[in-house]
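Scroll down for the structure; my scribbles are underneath it.
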Amino acid sequence: MISRSLDDHMPSSSTSPHPLQRNLAPHLHPFQKPREYARALTAVKMDRMFAKPFVDALGGHQDGVYCLGKDSRRVGVVAGGGGDGEVIVHSLTLRRPLLKIPHAHKGMVGGICWTSESHDGQRGMITAGKLDGTIKIWRSEAFAPGIRDKELFQGSEFASGSGSAGHQQHLDQAGAIGENGLDMDVDFDEEEEGGGLNLDFAKRDKLGESLEPKMVYTNKNGLNGIDHHRTDSVFATASNTVQIWDENRSAALSNLQFGSSLETVNKVKFNQSETSVLASVGNDRTMCLYDIRTGKAERRIVMQFVSNDISWCPTLPTTMLLASEDHNLYTFDIRNLNSPSQIYKGHVGGVMGCDWSPTGEEFVSGSYDRTVRLWNRESGKSRDVYHTKRMQRVFDVTYTPTADFVLSASDDGNVRIWKSNASKKLGVVSSKERQAIEHRQKLVERYSAEKGVRSIKDRRHVPQSIHNATKLKRDMIESRKVKEDRRREHSRKGREKPKAERKKAVIVEQK
Amino acid sequence: MDALLASAGPLPTKKQNYKGKQSSTYNKKSGPTSHQTIPRADGSSIDPSLHSILSSTRIPAGFHQSNLASGSGSAPIKPDSSISRIQDKKLRSKLARQDVTHKQAKSDRQDVNEWLNKAISGDKGGIEVDEELGEKTWRVKQSEISDSVGVGSKGKKFDLKFEGMGSYKVDYTRNGRYLAIASSKGHVATFDWQAGKLHSEIQLKESIRDIKFLHSQDFYAVAQKKYVFIYDQNGVELHKLKQHIDPTHMEFLPYHYLLATVGHAGYLKYHDTSTGVMLTQIPSHLGSPHSMAQNPHSAIIHLGHANGTMTLWSPNMTTPHVKLLAHRGPVNGIAVDPSETSAGRYVATSGMDGVVKIWDGRMWGKEVRSWHVRNQVTTLGYSGMGMLSVGGKSGVTVYRDLHSGNIQHTPTPYLTLPLPSLTASSVKFCPFDDLLCVGHEKGISSLLVPGSGEPNFDSNEADLYETYSRKRERDVRGLLEKIKPELITLDTDFLGHINESRGGETFEERNSRSYRQLGRLERLRVDGKADEPQNQLEDEDEEGEGEGGEGETTQKEKVKRKMKGKGGSTSRYLRKKQKKNIVDNSLLAMKAKVAAQKKAEDTRRKIAKGEIVKETGALARFG
């Protein structure tokens, strides 16, 4: 006979949890799959319900923002370059500008990057002018808020920080300042001169206006892009050739060009693993690979359309991503440049910027069609699309180094902060909650092939204009293909062979 | 640059020609690279850096599931064969991975459960007697059992006597903690039988035909004279379900929140108790049903009818899923086996013809077992461990191990529970306890049936010791996980499987796709250039044998046989006769007849063709 003791099944004390007995045999858990499916459906609905990707817009620019410079080793700081030559260093944690440099360049800013000093507080910002052809290195204490240990700055050129031992608690290597710092920064504002966490906007503006670049290089041609070497004090710029500069020398170290091509180069990027390898995209529809040790252009491909941006995958060193004017993105394995390894379709305007997430599994792209899209490396369709009414054409995007957020710079003069996962909860998540979230994710993944779940999961509302453009584009492509089919039907057999989509993108590979 | 390439190594050899071409150019330019190939005996070579960059990692096969104690690993888990038919490579690998993980988790779960819940003795429990001495378990009386069990179990045997209240129906909640009783003359009571705590007791003063708990002990539905009413645990009437007229039987599907009722008119009605909306009503066209049961594993409703048929219903079909002639008289008892070995597969029915039958839900053609019982059976019930109780006039008989032993013979009862001069109107085994509750004309009796209940309950599913807060949690979760009624299917394993017919595309849709919209393989197939691997062809052949292939060949033969003049009875007769070398008159006459027919046919054809002109004048009648 079954005989159960209450002692085994009742909590031992008033505060202890209720004891659970488990029997995992399937006959005691009927309808396992339908129930799991119901749960998956709830999960995917919750996911869409909580999808609020927009975090904040960082304003302050007088003109559109055309380039972003993230410090890949610091979470909380990003610089935006405006169309009027203004450069603003934003703090993502404080959500306000740390420093405004109103006349950094005459005319548009072409690119921004950060130097590679190992200490966060010492890193400087390099900006390149698109029209005036100058490169400027800026150094200020304001770039590293919260880092005010006197010893750290001794010997450095801006040892003006007047921090005291009492402020040590705000030392934050990551540049992220918590609530604590936000509350207290007003208190020691008075003691500071210049940099630091000054909330006094007038003071900050004054500092920005009076800030002089530590170094100025001049170039005959305007500069469209700039990127810094990962470790060395070397950076590369893109004008009509790719130039390599040393931070401590006023003239370029070398000029890199493929053959005698003098076409405009749009963007240049260093590889993050094999740090001397460099890739550029140019106006002549090319993507070119260089090695700065040999000082030679190694290889080049000519594509159907011009690429606007380029990005190296941080984890797969041979994988690169091109943002093309033909609305698509392409990943290439540089061991096989004949064809892209994957085409990513979804935008309905030229793709202006792209950036990998730190894990190399995902990336973000911003387009002229006023949307930001997020992608998985493995799939050719976008995972999510972000847009707002007020966001205009997007010119640059970056992932933050923690992969939590995505930043977009657009024509309307704002840098927007988006969550990289639209429905992710910000703030502290308890382990129980995290488990529940992970369980829900897994359920959605498992049933994502089912129609009910899939339609909720994949459905995205996009503005009317983009919706219409998508439809139009689809029709155009379809009719083009139908025409091609018909032509093939009526031509001699074997004359016109269908060409794979991936083969179409690259015209020729040159060595 | 080269260092980067070298550190990365060459691409996996997807395309043979690429590898050959490219690697030679690399080497020409840069000389030997840092990685080296390992030559093998057969002339080929392995490149160790071939997979230097993998997008995903996996545990080496040697570490899978190996038993560290014995050193022997079990057979590697393989993905479902249907997955290999998926053409999209990425999807295929993703699903295969998912499938393997799932199977792995399943086997792990089994292991854990074995450790947790398997009885140490390996025995199912129950009464054991010395068979050799001629002792029989069915001779053991209730008094003997209650004398030999502990004090805690002894208290579980009780009788509630209500004289002159009519026959009683009983129902347990899913955890077996609460009991609801209803007499045919209007007495209703719900109580916590273990604590002896009465929740509600009402006298409705009209005839009651059935009572059922809803999703928890807080609500119960009563099939009264005219309508179905819902009461809460204090006996307060909450709802009158006017659409359910003249109800005779009720079932509640706890995971779907559906109350299924059937009345004298024979309409099966599904009512959603979470939204209060009537889902559907289906006419059974078979009159007032005599019995009703639900399959707890598939939520299919079984109805037993007066003409001896049993029908299986779901709210999604207006016709029964299965309709079978079970008995030669009205079917008055149905029960579905919920135990581990059956999991809703075995169904027991009893008829007025005095026969009890066990059916297998996978094959309804013939009953698995059937036997006659002497007393007239009125009701059936299955326990959590698969014991069948057969209630009828003057007592209840309990059977066990119905699927073992000689299934041709009448099974020996496990226990007989006599109820002198009473008829059991309802028998219910208490879930997770060794009890059988019998409702009869003089109240109810809770009887001890050792080994009938599932000993190990699951707190997350049905908690015997549920606290107030956990019940609240369960109520909310239950509603969140409410299963859509569309998912009630006869085949419970239907959901989450790969649709073999290309994602629900109909035949027309598939055929109307233009050449351009076809996939590469399909195009090649259309062009007749498909270079399909051998095994795939074999697969298709196998499939063909299953459905189309053989049918086609027989069809061809049929066509051949149907050719004119071959299959006719006359010519067959002639062919047979001709084989024997005998001349007889009837054969000659027949031959002449056939020749004349042939000639007539010939001329008719020629006339139709215009080769000869038909005589139209007066001479035409002479041919």
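Cβ coordinates are placed from backbone N, Cα and C, and glycine is handled just like the others.
As recorded in TrEMBL:
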- A:1-10: compositional bias 'Basic and acidic residues' (COMPBIAS)
- A:1-31: region 'Disordered' (REGION)
- A:344-385: repeat 'WD' (REPEAT)
- A:387-428: repeat 'WD' (REPEAT)
- A:420-506: domain 'Sof1-like protein' (DOMAIN)
- A:473-488: compositional bias 'Basic and acidic residues' (COMPBIAS)
- A:473-511: region 'Disordered' (REGION)
- A:497-511: compositional bias 'Basic and acidic residues' (COMPBIAS)
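Under 8 Å from some Cβ of the compositional bias 'Basic and acidic residues' (A:1-10) lie the Cβ atoms of residues 18-19, 21, all in the same chain and six or more residues away from its ends. Secondary structure counts, DSSP: the domain 'Sof1-like protein' (A:420-506) has 55 helix, 1 strand, 31 coil. Counted with DSSP, the compositional bias 'Basic and acidic residues' (A:1-10) comes out as 4 helix, 0 strand, 6 coil.
Using DSSP to sort the residues of the repeat 'WD' (A:344-385) gives these counts of helix, strand and coil: 0 helix, 24 strand, 18 coil.
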